[in-house]
Structures are given as structure tokens and as C-alpha cells.
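If you check Swiss-Prot, you get these features:
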BINDING   THR10, GLY11, SER12, ILE13, GLY36, LYS37, ASN38, ASN124, GLU126, GLY215  NADPH binding site
BINDING   LYS125, SER151, GLU152, SER186, HIS209, SER222, ASN227, LYS228, GLU231  1-deoxy-D-xylulose 5-phosphate binding site
BINDING   ASP150, GLU152, GLU231  Mn(2+) binding site
Amino acid sequence: MKQLTILGSTGSIGCSTLDVVRHNPEHFRVVALVAGKNVTRMVEQCLEFSPRYAVMDDEASAKLLKTMLQQQGSRTEVLSGQQAACDMAALEDVDQVMAAIVGAAGLLPTLAAIRAGKTILLANKESLVTCGRLFMDAVKQSKAQLLPVDSEHNAIFQSLPQPIQHNLGYADLEQNGVVSILLTGSGGPFRETPLRDLATMTPDQACRHPNWSMGRKISVDSATMMNKGLEYIEARWLFNASASQMEVLIHPQSVIHSMVRYQDGSVLAQLGEPDMRTPIAHTMAWPNRVNSGVKPLDFCKLSALTFAAPDYDRYPCLKLAMEAFEQGQAATTALNAANEITVAAFLAQQIRFTDIAALNLSVLEKMDMREPQCVDDVLSVDANAREVARKEVMRLAS
């Protein structure tokens with residue numbers, strides 16, 4: 001029986017994780033749930049899964065949760081704040097920590113889990129985008145095991161040989177017969193939109209993803225392919241891959257989730273329905289397998305699988321991310337922070353779709369790119385980039 005802390009339990013990854021627990025009550029027990037401000041959903045989760053602890057981001061939400069749980073006779077202990085979240089990630093009897101808090105808020109709790117030597121089911125993109133070197137160093141020191149949840153990285157992980165799986169971030173790809181990693185992406189809803197029309201695309205149009213169901217911010221990142229750019233950065237860290245060992249491919253059907261090319265000419269791929277419960281269940285049960293609740297892939301119903309190289313004129317954010325990796329962690333952190341601000345501005349209809357990439361570049365050009373030495377340095381770069389991005393948005397929107 002694996003004991004689990006879920007960081008970000010009320011978000012889409014958190015809910016999918018709990019669904020895997022629901023399908024496998026004999027394999028997993030929820031010890032702690034950590035969330036932001038969604039009290040209603042947290043109440044439902046606490047009543048169904050009876051965790052020992054529930055943590056809300058702020059005191060007001062925690063107070064409300066406590067009252068509501070007491071009314072229902074729940075014995076779950078309610079806490080609040082970042083330190084409590086970090087404590088839950090490092091609890092002695094917890095085996096696995098699902099790191100699914102979105103954004104910079106997820107950094108310290110994820111790092112706490114790494115330092116405690118846990119098995120970390122990594123769904124928080126920002127961890128490696130902003131703290132790749134710091135986190136991978138901590139993984140090595142504490143002998144923690146990282147298991148990637150993101151569907152693409154999970155597909156790559158499943159397609160890699162065991163020596164690499166057990167030494168993630170440090171194993172030599174070439175020594176293990178790997179030539180390159182093929183990262184696939186759907187290309188988003190504007191894959192075939194004429195370039196001249198991109199400026200007029202609306203938030204609602206950007207959020208209509210053809211294959212995956214996901215939140216609005218990530219949907220926009222899919223439309224700009226910034227999500228693939230961030231995944232590229234993550235993959236470089238996770239799999240110890242050089243630029244020449246990475247290939248990015250557009251694959252509109254999202255059936256092949258990513259591939260690994262080997263020296264002998266073999267290419268191994270992981271296929272499946274586009275449902276996050278598959279990679280989540282894989283990481284939770286690794287090295288075994290459990291029922292994820294996902295319906296089997298029906299090959300007879302598949303249309304043709306197609307592939308194309310990404311067009312950087314259509315997806316300038318992808319190119320920005322690839323270039324930022326070469327500049328270092330200050331650049332990747334600044335890009336990620338700027339992108340959160342610009343995407344929020346686009347969703348609020350303050351700027352146009354094409355302004356997202358232009359403003360992200362503008363922020364990078366204005367930042368001091370000294371390499372961060374600790375999480376506080378990273379958070380400082382993050383805060384500065386957000387400030388610069390806000391000013392850029394205001395300049396453009398006024």
C-alpha cells in the first residue's frame with residue numbers, strides 16, 4: 001500500500017490522481033491533500049478519501065474548510081500556508097508525492113519532497129523550467145526518484161531503458177544506445193489558421209483544444225506551443241539531453257505521446273488515449289501497472305497518424321524557449337514568468353494573441369540574466385520578470 005501526498009489536489013491533475021486512487025483503493029492511501037482556494041472541492045475530496053491532513057493556501061480558506069468538515073464529522077486536520085504544504089511533502093510515512101501545484105507556488109513543496117528523498121510524481125512544469133539544475137542536484141544528493149507525469153515526458157520515460165529510468169537526469173543517453181528524444185505536440189487549435197489571422201484569434205478560440213481537456217492557461221500555451229517549449233526545457237534536464245539529442249514534432253492526433261530513437265534504427269513510442277490518468281497511473285504504480293480507468297485505445301477507429309516539423313513563424317514561443325535554455329536558468333525562469341502574465345492578459349482581452357510572443361521576447365531582452373544559485377534567487381528573477389511583463393502589457397494595452 002503506497003501512502004500518498006497530493007500537492008494541488010483540486011486541480012485537474014489532482015482530481016485525475018484521486019480517480020486512479022478510486023480505481024485502486026487496495027494499492028494507494030491518501031495521507032495529505034494540499035490545494036489553493038477551492039474549498040468546495042476540497043471538502044468533497046476530504047469526505048471521500050479521509051486524508052489525515054488537508055492544507056489550504058490561505059488562512060481564510062482553511063478556516064472555512066475546517067468549519068465545513070467539522071459539520072460533516074470529518075476528522076481530517078486542517079492547516080494552511082506554504083510551510084504546511086512543505087511539511088506534507090516531507091511527511092515520514094509518505095512514499096509518493098504528486099507534485100501538481102501550478103506555477104512558482106509549487107517549487108518549495110516539490111523541493112521539500114525531493115530533499116526528503118521521496119518518489120516525486122512530477123507534474124509541476126515550473127520545477128524544472130525554473131530550477132532544473134537546483135532540483136536535479138537535490139535529486140542526486142537525496143537519492144529521490146523523479147517520475148514524470150506530463151504525458152510527453154512520461155511517454156519518453158516509458159520508452160527509455162531501465163538504467164536511464166533509475167538514474168534520471170544523469171544517465172548518458174548515448175552510452176545507453178539512445179540517439180534522440182522525439183517530443184510530439186498537437187500544434188494546438190491554430191495549426192492551420194492563416195498566419196495573418198493569428199492576431200485576431202480570441203481567448204475562446206485558443207481554449208478549444210482538439211484532443212486534450214485542460215485549463216485555459218495551458219490551452220493558450222498549447223496554441224502558442226509555449227507548452228512544448230517548456231516541455232523541451234524539462235526534457236533537456238530530465239533526460240540529460242543535448243540540443244542535438246532533441247527533436248520536436250507536430251503530431252495533430254495526439255495518439256503517439258512521444259518517442260525515443262535508438263542507434264540501431266529502432267524507434268520506441270508510447271501510445272494511448274489522450275487521458276492524463278494513464279501517465280498518472282503509470283507513475284503511481286511504477287515499476288508495476290494498475291488500472292487507470294482509461295478506455296483502451298481502439299486502433300480500428302484511429303485515422304491516419306501524421307507528423308510535421310514545427311514552423312517557428314507560427315510558433316515563435318517554441319523557438320524562444322529553446323533559445324532560453326541555452327542562456328541558462330534566469331532566462332527560462334524569466335520566460336516562464338513573463339508568459340504567465342502575457343497569457344493572463346490575453347485571456348483578459350488586454351492584448352492580442354500574437355502579442356504574447358512579442359512581449360515574452362521583450363521581457364527577456366530587459367532582464368539581468370545572472371545564473372540563480374538558490375530557490376530565492378529563482379523567485380527573485382520570477383518576480384522581476386512578472387513586474388517587467390506587467391509594465392509591457394500596460395504599455396501595449398494603454
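Including glycine, each Cβ sits where the backbone N, Cα and C put it.
The record gives ASP150, GLU152, GLU231 for Mn(2+). Within 8 Å of the mean position of their Cβ atoms, the other Cβ atoms in that chain belong to PRO148, SER151, HIS153, ASN154, LEU183, ASN227, LYS228, GLU234, ALA235, SER258. Of all Cβ atoms in the protein chains displayed, 18 besides its own lie within 10 Å of the Cβ of ASN38 (NADPH binding site). The Cβ of GLU231 (1-deoxy-D-xylulose 5-phosphate binding site) lies under 8 Å from the Cβ of LYS125, ASP150, GLU152, HIS153, LEU183, GLY185, each on the same chain and at least six residues away in sequence. It is ASN227 that, of the binding-site residues THR10, ASN227, has its Cβ surrounded by the most other Cβ atoms within 10 Å. Overall, the recorded NADPH-binding residues THR10, GLY11, SER12, ILE13, GLY36, LYS37, ASN38, ASN124, GLU126, GLY215 cover a maximum inter-Cα distance of 21 Å. Between the C-alpha atoms of THR10 (NADPH binding site) and ASN227 (1-deoxy-D-xylulose 5-phosphate binding site), the distance comes to 21 Å. Comparing GLU126 (NADPH binding site) with ASN227 (1-deoxy-D-xylulose 5-phosphate binding site), their Cα atoms are 11 Å apart once rounded.
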